[in-house]
């Protein structure tokens, strides 16, 4: 019984983290991925400002990718949130 309680408490303490492309949330590019070419510093800084652990420029997609964001973060780009019109 103590083990079950310990597991439940551990699951409540562990924060679920998500990875994904950073998304523009305002302005003319709202809903688009944050684009980049080779600027890892910019992507890393923006990722950390949004609560992530590490960000980098994913060259093949030309977009900032962020690791360690909270799963419920509104800053992760998904197809459902894609309101970007090229």
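Residue numbers in this text run from 1 along the chain shown.
Backbone N, Cα and C define each Cβ position, glycine as well.
According to Swiss-Prot, the protein has these features:
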SIGNAL    1-18  signal peptide
DOMAIN    19-85  domain 'LCN-type CS-alpha/beta'
DISULFID  32-84  disulfide bond
DISULFID  36-57  disulfide bond
DISULFID  43-64  disulfide bond
DISULFID  47-66  disulfide bond
**Report entry** Candidate disulfide-bonded residues 43, 47, 57, 64, 66, pick with smallest Cα gap to residue 32 (disulfide bond)
**Finding:** 64
Query raised in the report: What's the CA-CA gap between residue 64 (disulfide bond) and residue 47 (disulfide bond) in angstrom, rounded?
Result: 8
Report summary line: Whole-Å Cα distance, residue 84 (disulfide bond) to residue 66 (disulfide bond), is 19
Query raised in the report: Out of 43, 64, 84, which of the disulfide-bonded residues has the smallest number of neighbouring Cβ atoms within 10 Å?
Result: 84
Report summary line: Spatial neighbours of residue 36 (disulfide bond) among the disulfide-bonded residues 43, 47, 66, using Cα within 10 Å, are 43
Report summary line: Minimal Cβ count within 10 Å, across the disulfide-bonded residues 36, 66, points to 36
Query raised in the report: Counting distance between Cα atoms, which of the disulfide-bonded residues 43, 47, 66 is nearest residue 57 (disulfide bond)?
Result: 43
Query raised in the report: What does DSSP give as the helix, strand and coil breakdown of the domain 'LCN-type CS-alpha/beta' (19-85)?
Result: 10 helix, 21 strand, 36 coil
Report task. Could you state the whole-number distance in Å separating the C-alpha atoms of residue 66 (disulfide bond) and residue 43 (disulfide bond)? Result -> 8
Report summary line: For residue 47 (disulfide bond), the number of neighbouring Cβ atoms whose distance to its own Cβ is within 10 Å equals 24
Report summary line: If you count the other CB atoms within 10 A of the CB of residue 57 (disulfide bond), including all protein chains displayed, you should get 20
